[in-house]
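According to TrEMBL:
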- 1-261: domain 'Protein kinase' (DOMAIN)
- Lys27, Arg132: ATP binding site (BINDING)
- Asp128: active site, proton acceptor (ACT_SITE)
- Asn133, Asp146: Mg(2+) binding site (BINDING)
- 280-352: region 'Disordered' (REGION)
- 305-325: compositional bias 'Basic residues' (COMPBIAS)
- 326-335: compositional bias 'Basic and acidic residues' (COMPBIAS)
- 336-352: compositional bias 'Basic residues' (COMPBIAS)
Amino acid sequence: MLGEGQFGEVHAGEAVIDGKKVPVAVKIAKTIKDKKNIQQAKEKIKEMMHEARLMRYFNHENVVKILGVAVCREPLMIIIEMVNGGCLSDVLESRKGNVDEDEKIENMSLGSARGLEYIHAQKIIHRDIAARNVLYTKNRVAKISDFGMSRHGDFYEMSRGNKKVPLRWTAPESMVAYQYTPKTDVFSFSILLWEIFSDGDEPYKGMTSIEVKRMISCGERLKKPEGCPDSIFQIMRKCWEQNPDNRFSMSEVVKQIEDVIEHAHSEESEVQSRLNTAVHSAEKASSKDDLDDLNEPSRILISQTKRKQKKHHRRKKRQKLRMHKKSAETDDGQKRPKIRHHQHMKSSHNIL
């Protein structure tokens, strides 16, 4: 078994596709034999079929694909692509302190953002965005998964009798009015970003559900994770705005993260370019045995470049020291929980 969720278990399997055996994940509905719970079983099957219908047209690198449904006999089975890795929350926990900033931004954050942007373009509200519902391959590709709570459309109002929601990832308007839109997913995405840059820590750790609800409703938010770039924290803050109209759309989130990456790359290119120019000037002057005759702009350029280089190396060194420190703390008599095998489903709901 790969994992277990609200509606069933997930097992590893094989399927013949285009004449070839392909490894797949098989989601199997829970069988309830007790006659008193037949209605509950029917509801679970209904939810799984709903999930399958939503997923059938998905075709994006950052979204898990459905390959088929087996309905001829019980139990109901949904066949989805096998992701060679694990859920992002487990990956972050198992590699705590050993995921560099570039991977967090370019692979985990941007990949998840692009997947959710695609889902919203299909007119679907996910309603359960969190690190546990993002699968992360060994090739560092993030894939949005688990559409059991998802709904089609731009607006959904949940029944007041249904109080089971992932509270720590839930937007304030969903807590108060039980209403969901793409902007409530954006709020949840801000908490996913926080999880990524907190190395998989639980949001609002140590707080009760009542305290969390009060904090979010009053507009209070999580603190900036240690080592999180200011540019990423600004995206988080914009995504968890109290007023949903003031939040980014997922397309804007994708653009913002891409800008962060582009800016980082351009800074590195600028440092390298300045270094090359300075070295060339120094070599040219050295060949004439006349370093003192370097013109003023060249001396300034060399000085500025060296300062930028030192600053760049200091930043990289601080990142490595933080990672080493966290790794040492992990090894100092405190064993971290092992990653669960390719877990495709995890349930982590709180009661409102």
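Even glycines carry a Cβ here, placed using N, Cα and C.
Where TrEMBL records a feature, it is marked here on the structure.
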residue	record	Cβ within 10 Å
Lys27	ATP binding site	28
Asp128	active site, proton acceptor	24
Arg132	ATP binding site	25
Asn133	Mg(2+) binding site	30
Asp146	Mg(2+) binding site	25
Nearest-integer angstrom distance between the alpha carbons (Cα) of the residue listed as 'active site, proton acceptor' and Asp146 (Mg(2+) binding site): 8
Whole-number Å distance separating the Cα atoms of Asn133 (Mg(2+) binding site) and Lys27 (ATP binding site) is 15
DSSP output for Lys27 (ATP binding site) maps to strand
Given Lys27 (ATP binding site) and Asp146 (Mg(2+) binding site), what distance in Å do their CA atoms have, once rounded to a whole number? 11
